[in-house]
Amino acid sequence: MNQHTSFDLPICLAVEEDAFFHSDEIIKRYIPDIIGQKTLVISEEFLIGIYREKITDISHDFGNAEILAMKDASFDEAVAIAKKVCVEDIKVIIGIGGGRVLDTAKYAAHISKAVYICMPTSLSNDSLASPFSVLETYGKTRKTIECNIPTAIIVDTNMIINAPETQTLSGIGDTIAKHTALYDWKLAASKGSARIDDFAYALSRMSYDSVYHCDEKNMKSRVFIRILSRALVMGGLAMEIAGSSRPCSGSEHLFAHAIEEYYTDVKISHGIAVALGSIGACIFQKQDPTSMIEFFSAHGLDINPQSYGITEDMFADIWKKARTVRAGRVTILDDIKHDRAQLNEIYSRMVEGK
Ligand SMILES: [Zn+2]
């Protein structure tokens, strides 16, 4: 036992074809005492509509668990669910859905101290295994809040293959962002404002490498989905081991957070926003973004800000707000001037996609 570390790891990480059809058997293998305990399944109305058979099957396998359709991925909703869990003596929460459902279910489980089983229907970001939930606080304003990681993660590769492609692209974006995040983490450490945890660093680097250097480019292939799901989970665990989001989140995430907090009307997923931010971050860090841009293009990830309604003025303003959106987080943005001419140049480059 190492007395200098304090982190948790999930007991189960199952990445299997049709895993949702035998999730109870998987859980029985790892945590048999959960079976038979009062369980709540959390999902969303439209997902319950699409995956009625699978979700009903899961509810049946866990003692005819109640299926709750959450509405908002908000702090208030997570607290309301946690209250229900405590009052009704529910011991296990199963979250079935994308980032919104999983973040809400994870936080509700954290507050109510229920066991949390995470079952993603898409791979849109690395929050599935991270010790953080992104939740709406006041209105549409979102905040990243610390919480416990899941006890079990069950990924059904068939489910992910059939998920909308934009979700998988978002997951790819969140994984590639680790390149600039790790640079910023080292930079912060060199200034004494962060401490590098070598294993968290290695895990995050391997997560990035496994996707970036993956020979299989077909996003609908089982091999790619397996690699991406493990990469996203490893990113989450890197954050848990480091005790901070630094292994996965640098200046490119500040760009995304600025959009999420100040431009709530912009329709862009978290992972795509960080992908866009990674290109600027690369350039600020004096790293050549050419091969990253080629990678995004090879996967059909559109890096043109105009496609998301981000104008040149907004782009410059987002990078300006990125400097202050997380006070105290040292990144390359602290070392560079807000140079409008350079930002316009980056914007044009991204519009042209090269
Ligand atoms: Zn992220």
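Glycine is treated like the rest: Cβ placed from N, Cα and C.
Annotations in TrEMBL come from automatic prediction, not curation.
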- So TrEMBL lists Gly99, Arg100, Val101, Leu102, Asp103, Thr121, Ser122, Leu123, Ser124 for NAD(+); which of Ser112, Ser130 goes with them? Ser130
- Task: Give the residue from the binding-site residues Asp103, Asp126, Asp174 that has the most other Cβ atoms within 10 Å of its Cβ, counting over every protein chain displayed.
- Result: Asp174
- Asp126 (glycerol binding site) to Gly99 (NAD(+) binding site): how many Å between their Cα atoms? 9
- What is the nearest of the binding-site residues Asp174, His253, His270 to Gly99 (NAD(+) binding site), using the Cα of each? His270
- Cβ contacts of Val101 (NAD(+) binding site) (under 8 Å, same chain, 6 or more positions away): Ile42, Ser43, Glu44, Leu47, Met70, Ala73, Gly95
- Message: Helix, strand or coil by DSSP: which one applies to Gly99 (NAD(+) binding site)?
- Response: helix
